[in-house]
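K.L.:
Right, I'll just put the structure down here and ask away after.
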């Protein structure tokens with residue numbers, strides 16, 4: 001019977017066998033008592049090779065009965081049982097180990113695998129066990145097929161391999177590298193040529209100079225390798241001697257100011273031999289740049305003890321607190337944002353309309369956004385008690401980030417940028433204009449922002465309005481403690497700018513002043529903690545004092561910033577001559593990122609305008625192509641409006657380029673429309689959406705109400721209470737560590753609950769929220 005079931009099974013190279021596709025059940029068990037049965041197991045479908053727990057096998061069968069030609073009823077059930085640990089000094093070491101790579105080793109060393117081949121006959125019907133691991137009469141053919149499934153790489157393993165590995169590419173200097181002539185004198189590989197350091201040594205591949213590197217995390221360095229490049233700017237490539245091995249090395253290009261690699265190791269090996277180094281015989285004996293970066297990120301720890309050194313009270317996963325989210329390597333930014341939304345940082349934010357039941361027409365839920373939200377919310381809100389050690393949001397992260405270059409990577413990201421990305425994604429997927437009456441929870445944080453522009457010569461004014469999700473508050477450029485209320489006041493006082501007045505017909509100065517046209521249910525404040533030091537963007541840790549950190553009843557009052565709008569009794573509007581100018585509001589998160597990279601405000605706005613206000617990366621690429629433009633850093637004025645093209649028109653050259661790759665014409669056209677004509681992103685979209693039919697729904701004719709901007713927020717003011725704070729430690733928002741504090745009732749008392757990845761504790765200290773607060777959530781009372 002087993003042979004007949006397995007005969008036509010084709011085993012893929014990678015099998016999803018780490019957790020259930022509908023929940024977070026895994027096959028892993030602690031050591032078992034004698035004759036005890038494992039508590040946890042997964043059933044690998046022999047048709048689609050997806051894993052389901054015992055609870056959800058009937059659901060998968062119903063789904064395949066509804067959506068597939070055949071019912072998926074045959075499964076390989078596996079359970080992994082941990083072997084009793086042997087005493088080992090390293091295992092007993094309490095110091096936290098940093099896992100830099102996932103070494104491809106068998107689980108046979110740590111776990112015993114129990115398996116059985118089973119046929120499920122329907123709900124409430126006993127399953128048929130066709131064969132099991134203890135059987136002695138199973139044929140070699142069937143056993144070979146089962147072993148192939150068990151030995152196949154797991155999807156989790158494939159993801160982990162890249163968790164801490166930097167994505168390093170070649171550069172023009174490695175691609176065009178010419179092997180140098182052998183130096184006349186023997187190179188001393190044991191000491192810096194400019195000082196007495198014997199570690200952190202870098203070899204110039206062009207001449208053999210040995211220079212020490214930069215000082216890094218407790219490692220001495222005087223940057224003599226960099227000094228050598230500055231004196232010899234045609235010598236950009238240097239390799240770290242202590243990192244050399246047959247499989248890895250640290251190579252830095254000073255011209256590109258980035259890590260790099262050779263297209264292959266042939267040129268590298270030949271160059272090293274010139275200096276008497278055989279890379280095949282080398283064993284790395286110093287930390288690599290990857291290790292140093294990971295160690296630095298891991299060192300950004302948040303206090304888990306109070307001021308007296310006592311550990312914070314640990315909280316168990318429950319419906320009140322939810323459950324923890326395990327860090328996937330660099331996913332703490334995602335964990336903090338999700339906890340903020342789901343666990344009360346934005347009160348009443350909910351996706352309850354999705355329900356808790358999975359749709360029957362989705363066979364592969366890992367790639368379906370609705371299914372991933374249902375899976376996540378079921379664990380965090382409906383049954384968190386099942387996951388006392390937290391859950392891994394692996395498939396959730398992959399699903400939401402699959403079409404975004406940054407959020408699909410394993411690099412650390414800016415939590416504020418991710419929050420806005422997530423809200424936009426939910427809008428597009430669940431709350432588009434065609435949605436019928438579903439309240440959008442994202443509107444809880446939205447409001448209308450007013451910009452009042454008054455000419456300092458003629459005194460006439462212009463008002464403009466824009467829907468907004470957060471306010472980014474500039475801080476003073478110092479290291480002193482600052483009062484957030486003073487910074488908010490300074491922000492709403494506005495600034496003096498230059499502009500061409502439509503009434504005065506000349507370039508003049510004007511006062512540009514923001515104000516609230518309406519107020520949100522939850523107000524998000526994002527202090528700008530980035531400033532330039534010696535043209536290098538540095539994240540600050542100014543201590544901020546603000547309402548609500550200590551006393552819940554200490555409210556934020558923003559009523560004085562609620563604008564009354566245009567007053568015809570005391571104000572005169574500017575003429576409408578400037579209406580031929582397009583209204584453009586740049587994405588503030590992208591502006592902050594570009595400024596962090598060292599670009600000016602004017603250049604950043606200009607770049608975002610010319611790239612469709614898409615994202616910082618597109619704008620950055622545009623800036624690199626226009627660095628020589630004489631007006632790049634001049635104040636930016638949007639050009640006059642031109643008749644808009646049909647949004648469904650595409651550039652024929654771009655379309656032809658994609659069609660030459662053999663791609664479906666309808667998909668190509670749709671991809672170019674969705675990606676604003678970007679060919680690279682469009683090609684990626686096509687490959688990620690091969691099951692799309694390439695058609696657009698018929699455009700709706702908007703009625704008068706729909707043509708008006710949706711009313712957002714409240715027209716009257718009320719006090720705001722602080723409900724959550726996302727904190728960040730690190731030198732940049734793209735490194736370090738994120739956590740979130742959410743105010744909750746703990747034993748009938750309001751306390752701050754710290755969500756630090758999978759750890760949940762009641763925290764009494766507010767120091768981290770003062771010095772490291774990055775996103776503050778204030779909710780209307």
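A Cβ is built for glycine as well, from the same backbone N, Cα and C atoms used for every other residue.
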K.L.:
Per Swiss-Prot, which one of 206, 224 shares the Zn(2+) 2 site with 192, 195, 212?
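P.N.:
Among the candidates, Swiss-Prot records only 224 at this Zn(2+) 2 site.
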K.L.:
Which residues of the same chain, at least 6 positions away in sequence, have a Cβ lying under 8 Å from the Cβ of residue 171 (Zn(2+) 1 binding site)?
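P.N.:
Long-range Cβ contacts: 253, 255, 256, 258, 260.
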K.L.:
Counting only residues 6+ away in sequence within the same chain, which have a CB under 8 Å from the CB of residue 173 (Zn(2+) 1 binding site)?
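P.N.:
Those within reach of residue 173 (Zn(2+) 1 binding site), by Cβ under 8 Å and sequence separation of 6 or more, are 236, 237, 253, 255, 256, 260.
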K.L.:
Setting 171, 173, 253, 256 aside, what same-chain residues sit with their Cβ within 8 Å of the center of the Cβ atoms that define the Zn(2+) 1 site, listed in sequence order?
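P.N.:
So the additional residues around the site are 172, 174, 236, 237, 254, 255, 258, 260.
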K.L.:
Let me know the most crowded of the binding-site residues, choosing from 253, 256 and counting other Cβ atoms within 10 Å.
P.N.:
253
K.L.:
Limited to the domain 'UBA 1' (576-626), I'd like the whole-number average of pLDDT.
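P.N.:
Averaged over the domain 'UBA 1' (576-626), the predicted model reaches a pLDDT of 79.
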K.L.:
Summarise the zinc finger (169-279) as counts of helix, strand and coil residues per DSSP.
P.N.:
26 helix, 19 strand, 66 coil
